[in-house]
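A.B. asks: Dumping what Swiss-Prot says about this protein:
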- 2-169: domain 'EngA-type G 1' (DOMAIN)
- 8-15, 55-59, 118-121: GTP 1 binding site (BINDING)
- 179-354: domain 'EngA-type G 2' (DOMAIN)
- 185-192, 232-236, 297-300: GTP 2 binding site (BINDING)
- 355-439: domain 'KH-like' (DOMAIN)
Amino acid sequence: MFTVAIIGRTNVGKSTLFNRLIQKPMAIVSDTPNTTRDRIFGIGEWLKRKIAFIDTGGLIAKQTPLQQLIALQVQAALSQAKAIIFLVSLQEQLNSDDFYVAKVLKKNKDKPVILVVNKAENFNPKTAEETLKDYYSLGFGRPVVISAAHGIGIGDLMDLLVKQNQLLPNENNDDLAKIRFCVIGKPNVGKSSLINQLVKQNRVLVSNESGTTRDAIDVPLKVNGEKFLLIDTAGIKRKGKINMGIETASYIKTKLAIARSNVILLMVDGSKPISEQDEVIGGLAQAALIPVIILVNKWDLVLKNNNTTNAYKKMLKLHFKHLDFAPVLFISVLKNQRLNTIFEQLKIIQSQLETKVATPLLNDVIQQAQLYNQPPLFKGKRLQITYAVQTKSQIPHFVLFCNDPKYLHFSYARFLENKIRENFGFNSVPISLYFKSKNARIRTKPEV
């Protein structure tokens, strides 16, 4: 996917622009410098073309321990980007940090840099040459003038990015397959060996040394006539230890791979206890809000009895509490055991993602659920759901209209979720329920 890194000094509006480009409030926006320390990824769309954006921390010339880490993360983002937005501010004069950023970007000679002047709400096109003359000194030509906060000039910027994308070799891998899945997990759980088994050839470096796979590699697959796209990533080390360039790059590549996927394979080592590191990686899978398959590898090394499998599943639920929808497959990559079940499960998930529930049937289930189990009282008032509908989304998404969302208890939301799962076969995918007042236009979160 065409990937663009947003680079600039502190407090020029990078996160505001990022949120505008992906049309979602993912990044924290603050007037405080260095608010964005970890990299944030999102996908925007313009003229039916998808573009991945990387939000980055502010680069400054002064080298502190924090700034050195941010610089490493920015370099990793630059290594993944195919184009760069260099963001500066019209509300402040250019300073030494802007020129420092320009110097860093000039080292990436093989990638186009678009100079963007932000915070230009009061920009007057009639005096453009006089206003912008200082920005030419950065060495990146005529700037694009925008206001990220007000949406001014964003269309022109997106047009430029689409043109840059068209100049690059065409990459169709994302569009070849309905199912795009990535494999994530801590280093040395067998991810690379799994991919080698699935594609029947050595596409990635395999070693007993922890963390030997560095790049995200797209592997188009065709199984029984079905097209899949497998996105391999490096194993994720503990986030606190991601302080060297190569591991920072691996972490970024993993999150980019997740952003491009519609299914995640979360791989754990069945011969070892679930670790805190596994739980952190499980949190990444949960946060993606897409289907997850848990692969328990090295199952051939486990001594078993009649209860071993069920006991392990219960243990997984304790460690991955919010992934209870995720199917669990017990495999051995080394012995090539039960690997075919991965593609079988992927097809089941795809079928569930494509399931559309007829509105009358959905409302019958919701009304019957309310008759069977009334919502609990909230300050003497009871929730009443009058209408429900499934809306288009990446995962099954249901909007439930009610008298007042504040009467909803989280346990009743979970009860309704389970009823929808039971009646319509959504047993292997996450689903989302939004509760709205009958007269409201915005989402209201349930009170817990």
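Backbone N, Cα and C atoms are what each Cβ position is placed from, and that goes for glycine too.
Model, not experiment: these values are computed from the prediction.
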A.B. asks: Give the mean pLDDT for the domain 'KH-like' (355-439) on the 0 to 100 scale.
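C.D. replies: Mean model confidence (pLDDT) across the domain 'KH-like' (355-439) is 95.
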A.B. asks: I'd like to confirm something. Which of the binding-site residues, Gly8, Lys14, Thr56, Ala120, has a Cα closest to the Cα of Trp299 (GTP 2 binding site)?
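C.D. replies: Result for Trp299 (GTP 2 binding site): the nearest of the binding-site residues is Thr56.
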A.B. asks: Could you measure between Asn188 (GTP 2 binding site) and Thr56 (GTP 1 binding site) for me? Cα positions, answer in whole angstrom.
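C.D. replies: The Cα atom of Asn188 (GTP 2 binding site) is 29 Å away from the Cα atom of Thr56 (GTP 1 binding site).
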A.B. asks: Which whole-number value in Å describes the distance between the Cα atoms of Thr56 (GTP 1 binding site) and Lys191 (GTP 2 binding site)?
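C.D. replies: On Cα coordinates alone, these residues lie 28 Å apart.
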